[in-house]
Amino acid sequence: MFAPEVAVPLLLSLRVAGLAVLFVFLAGVPVARLMAGRDFPGKDAVEALLTLPLVLPPTVVGFGLLFLFGKHGPLGRLLENLWGVSVIFNWWGAVVASTVVAFPLLYQAVRASFQAIDRNIENAARTLGASEWRVFQTISLPLAWPGLVAGIVMAFARALGEFGATLMVAGNIPGRTQTAPLAIYAATESGDNRTALVLVVLMTLLSFIVIFWVNRWSKHRLKRWTLDDEMFNSTARPGCLTCSNQPRKRGQGSTP
Amino acid sequence: MLKSTKEKRAGIDPMNIFARNKNVSAPVKSLLSVNIFKKLPAFPMQIELSVQNEVLVVVGPSGAGKTTLLQCLSGLQKPHQGEIVLNGRVLFSSTARVNLPPRHRNVGYVFQDYALFPHMTVEQNAAYGMKGNRRKSLKLQEVLEMLQIAHLAHRYPGQISGGERQRTALARALLADPELLLLDEPLSALDYETRYKIRKELKSLQRHWGIPFILVTHDLEEAAFLGDRVMRMEKGRVVGWGIPDDIMYRHANPGGRCPSPYPQ
């Protein structure tokens, strides 16, 4: 089952998606924080620009990235001059493509959850002597965390499934840049339905597990400090480490 | 002379205010003195007041600028002109171009909806603004006990009652060791019994703590009970000062003649 023609693309996909999510996270959180803040001229245009990769056809993104990172593109030349590297037609190209395409998903989710935070809660921290960094670290970030996790999951799923832009930027080189979606396409084209089916099942399973786990986790975590005693108690599961020490009233809803 | 030109530049007519409050407001030593001007969408706000070690209650209709005043004092909003001095420290001055950010003002703020940190326990909330580590836990314990929330230390704000949230917000503000405490309608979200209980505690808390409290409320009875002095605001201006008895007198005898300069 885990023949190299299945395992190699799958592992590459996981590696590419993991790195892409890391980059998306590092770029998306500060940008979302800035955009959730005060207005500035041209904010709507910036907003549209940041969301663009979500709605553009992947081939347009791929073309754009080829242009930017190509031998004569501005970023391509910069990378060449600085470190003598190129991202075109190697697996870093897949990372770049996945990062760009997945960025809007995380950005949107995180910005929305930053905006949903009650301004007075952050203001209260300020009147208590907290610096802006401490406010961000101890108040804004933890309160936006559920949205952040949702964003990470969606970005990961999108990066895992990235096809069009990856094909254009990184190519379809088996063993080097062939990610799982590309491998499925290649296997189907060449009539190797067995490999394609195994990959399809594994991808579906993987995506399902990730989303299922995150949904469960965020629900559970939210309820821990929720407002409503009844809601809180109805989710307190026996044998659960985080809720077993909490009081349970009237025993209602204690069975899951 | 110098002072009056400064005031003129600040757009404040000192005669206007002194004529009204000279009877009741002549502080010997004021801990907080405020003289600010801010343009609001509907009207300009123009406030001059000084507060000693007392509870000053600010009353007035909705939209009179009461919350804006508190936010200007805490640094969450910026006045356009004027000066705010607390214990000799200049918090804001348009002439000296000083505008300390909230975190350097050392002014406590209890929000109307408490604004507790929902992801922290009562204890973590209360300790958030504490400075230094020495005897930290001792003081924390003492204040939690004084406000009768020590037994809730490990609960989250979502799991306690409105009155308990209020006490948590008070503990949090006081433990940051403020030099001035601002309370924005602190009792309005509470039921009658809790409200009655907490307002008694608030007054003794101020005596115990020894810092000025400025408290905003809609409720005249509450103002009369809590305030050492009561200031009435309308459309961004101070329209009258009173001691609590006047307020109650006017409340009970609408249209009657008032023994104090509390205006019609």
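Positions of Cβ are set from backbone N, Cα and C atoms, glycine also.
Just so you know, TrEMBL annotations are computer predictions that nobody has curated.
Worth saying up front: this structure is predicted, and the values here are computed from it rather than measured.
Annotation source TrEMBL lists domain 'ABC transmembrane type-1' at A:10-214.
The transmembrane segment annotation in TrEMBL covers A:12-36 (among others).
Counting same-chain residues at least six beyond the ends of the transmembrane segment (A:48-69), those with a Cβ under 8 angstroms from any Cβ of the stretch are 31, 35, 75-76, 79, 86-88, 93, 96-97, 100-101, 103-105, 107-108, 162-169. Here TrEMBL flags A:48-69 (among others) as transmembrane segment.
Annotation comment: TrEMBL describes A:89-110 (among others) as transmembrane segment.
Taken from TrEMBL, the feature transmembrane segment applies to A:143-161 (among others). Within its own chain, the transmembrane segment (A:143-161) is flanked in space by residues 13-14, 16-18, 20-21, 24-25, 28-29, 98-99, 101-103, 105-110, 112-114, 116-117, 121, 180-181, 203, 206-207, 210-211, 214, 217-218, 221-222, which lie at least six positions past its ends and keep a Cβ under 8 Å from the stretch.
The transmembrane segment feature in TrEMBL is assigned to A:195-214 (among others).
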Which residues of the chain, 6 or more past the ends of the transmembrane segment (A:12-36), have a CB below 8 A from one of its CBs? 43, 46-47, 50, 91, 94-95, 98-99, 102-103, 106-107, 110-111, 114-115, 136, 140, 148, 151-152, 155-156, 159-160, 162, 166, 177-181
